[in-house]
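Chemist: Here you go, one structure.
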Amino acid sequence: MASNNSLLYFLLLSSLSLLSATSLCNLPLPLPSATLPSASFPSHFFTISSGSFSGGHPLFSLSPPSSRPNSFSFLTKSSFHTRSPGLFRLSGTIILRGTHPPSTNRSLLHLHRVRPRLPLHHRYAAVSFDLDGFWSEPDSLLCMHGPGIILSSRGNAIHSNALLKLNFSKTSTLTSPFVTGTLQSSDEPVNPNYFDPVSLVSFAEKNYEYTETSHAKSVCGDLSVQEESRGLGGEFSCEQLRGLLEGSFQLEYGRDCLNGHCDPVRGALGFDQDYMFSNQLDCSDDGKVHMYLVFTNESRSMSRSFMIGEKGLVVEGFWDGETNRLCLVGCDVVASEEDSRKNLSISECSFGLSFWFPSVFSIKSRSVAVGRIWEGKRESKIGNFTMIPFGTTANYMSNLAKLKYKYTKVEVVRGFCAKVDHGKKGKGDFPDGRSFRDMRFRFDVKSKEGKGFSGIASPISLGNNFYAALDLADNATQLDSDNGYLNISYRIEYNLDQGSKKQMKISAEGIYNPKSGALCLIGCQYIGSSDTVRQARVNDSMDCEIFVNMQLGSLHGKPAEHVKGTIRSLREKSDPLFFDSVEITSRGIYFEQAAESMWRIDVEITMVLISLTFTCLFLGLQLYQLKKNPDFLPFISILMLVILVLGNMIPLVLNFDALFVMRRSKQNILMWSGGWLEVNEVVIRVLTMVNFLLQLRLLQVAWAARSADVSKTGLWVHEKKTIWICLPLYLFGAFIAWLVHTINKSGRHTLWEDLSSYAGLILDGFLLPQVIFNVFFNLKGKALAHSFYIGFTLVRVLPHVYDAYRSRHYVPFVKSSYIYASPNDDIYSLAWDIFVPLGVLILSVVVFLQQRFGGSSFLPLRLRRSGEYEMVPVSSSS
């Protein structure tokens, strides 16, 4: 019997070479011939780090958003030889990441979701299958089968099985650079767990065979480059090259001016997309490089994952260390019309490319990497081609070693700047220009029509030094010896409309006067291909007729005076490139002010902890006194205790997180606590809870003592009178707060925030109900311990005293950073910081007089009550 099975297995293995690719995937899994992994084809040989897929409904949407395309990865865990030559046993995991369809009635609905931190319009999901199978080297076919776990709409785990087929060649070349295949459900279509076939495609990452490097060398040798380029700094490094080529490249098609119109030169490449991405890149140790390039009209894309844009090229070549250039030849990638993610094929290989890295920046050339691309037959000379230049659109502040900046517009700027800055020293001290943090700022833009939007200005260089490489302690930074001006360059970006993706991107350079804080710049912007631009007779890709004038605030100025200025066009109004001037305002603080604010926050956290600790101590002393003299309990105002309880319950339940969850877009520079703030948050929560429980205990024992003593029913009558007097006062104050909020429409506070501040004012006057209650009852006795009402008075007074000090000695950056004496907890201003402490101290003095001489002792003689109720302390033990 055993010999028959061996014979059948031998015949099965012998017939593998005669079977078709489809039949191969239906065979039983072959057994591995050894326990050691395959050395010729290790597991990482089959790994796919990033690929693209389509299909898979209802698991994934058929139309994913462009900002989050469907992607997959394949990780092999093991690879073993089998008894059949050329057949390898594999195990691995495939992970699909994509977008849920909007709705479906199928059971395969909710996958393992990636929960977003911010509200999104699309729901993302990921599903994985653990697969086991084999790879046939002669057929270049990978077949694997295995289970996956998917969560249903009800949260139940559904077990599904899938079959993976990949066309995986032993080697990849310029004409066969892709891995394609499908992932199919093993269930029948009538099964609710069935999903449509998934089409897979990725760029081959391993075992690439270079065949066109000699042609790349001959093509690149005919290309002349005028500007000086820099090398990779020593030996060839693929990681460094990948970093330099990261991000988007903008193609500059140039302009052809005929009949008074200047149109972009398009069509020379056979396509007209504006941006190029180095999507996938791999190298060999000897400097050979192959890449997959994507062309699209979107300037921002997920370049780290495999993309399929409007156009694609596969290229290969080498790094020329003598000329410091990357020389490449490429082939056109053609996607099938019915499904761009199902079939990718290679068309003509007639493209040439060259990348290099300039060693000098200027106002018109700020790309870390630049190059040329052209299309033409192999036999043609390079001079017969129309070359399209390109350059990176970002990555200013990295890879700047050995770079220099060449200023070309400084003399032009001086003429314009002399009209607005006379070189005089301004009022106060201004940034010296050496700190990147101080010279970089976000700003608000206001147009002539009153529209508002936001932007950012980032410095690039100071003198001949780039800010990324500038030693902030180096006092030898070059200054203009004649008048003390600093040469400086900037990158300025702002939205053209609220919520719009269109941006004004300006490359600017000019001079900065550290004595007066005046910043004068000439700017250039890239000219697009709109109908308005076509009317301009400009045979150039950039418009450099832009003047930027800014005034920086002093180092100790207010945030509202941080930066003010304008951006305007120097062209005539009739010029198609003319644009209306815009005003710039920036609210912010300098680095030194931010450090002071952090110290202030630490002080305020300490003051909050001290205040809560002493509040708990004062409550404990009050409860201790009442325990010794319980007869005083009925004579404490219930309304006063309710106010104190609510004053701690509301921030504990509703508003406590507002102390720590700040608007990070306005003050992320302040959140440098490194976890210490979170520790204090826990301590403050605990103290606030203890404070609340002690006040609740005080209210409970006072209420119980008054309700238990039938002879004290008159006290409830006086309590009601107190409520009838206080409640209208509180409601009238709330109405005034609402009225002020309605009139002051330009204020930044919400109605809830204003009412919360007014609630703090009520809490400041917590003794008012006790004072009125004592007047009605004409009580003479020590119902409240001195430590209680005097201590609570100091706790309410000190924040106003501190706020008066803070407003004169600290920069009011954003009030949401105030932890102690926060505007959300009380009303703070110079007037209120005087009025509130005075009023609270008066109430405390009145309570002292009432408990010593009687409830109406502070009133005029004609208003005093004829009799008084005097309490004599009696020990509870007696």
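Placed from the backbone N, Cα and C atoms, the Cβ positions cover glycine too.
Unlike curated records, TrEMBL annotations are generated automatically.
The annotation signal peptide is assigned in TrEMBL to 1-21. Marked as domain 'DUF2921' by TrEMBL: 24-199, 234-388, 420-582. Among the features that TrEMBL reports, domain 'SWEET-like' is placed at 594-862. According to TrEMBL, the transmembrane segment annotation covers 605-624, 636-662, 682-703, 723-743, 755-777, 784-802, 827-849.
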Chemist: May I ask which of the stretches 605-624, 682-703, 723-743, 755-777 has the most CB pairs under 8 A with the transmembrane segment (784-802)?
Modeler: 605-624
Chemist: Looking at the domain 'DUF2921' (234-388) alone, can you tell me the average pLDDT?
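Modeler: Reported value for the domain 'DUF2921' (234-388) is a mean pLDDT of 79.
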Chemist: Mind pulling out the one from 605-624, 682-703, 723-743, 827-849 with the most Cβ pairs under 8 angstroms to the transmembrane segment (755-777)?
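Modeler: It is 827-849, which has the most Cβ pairs under 8 Å.
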Chemist: Hey, which of 605-624, 723-743, 827-849 has the most Cβ-Cβ pairs under 8 Å against the transmembrane segment (682-703)?
Modeler: 605-624
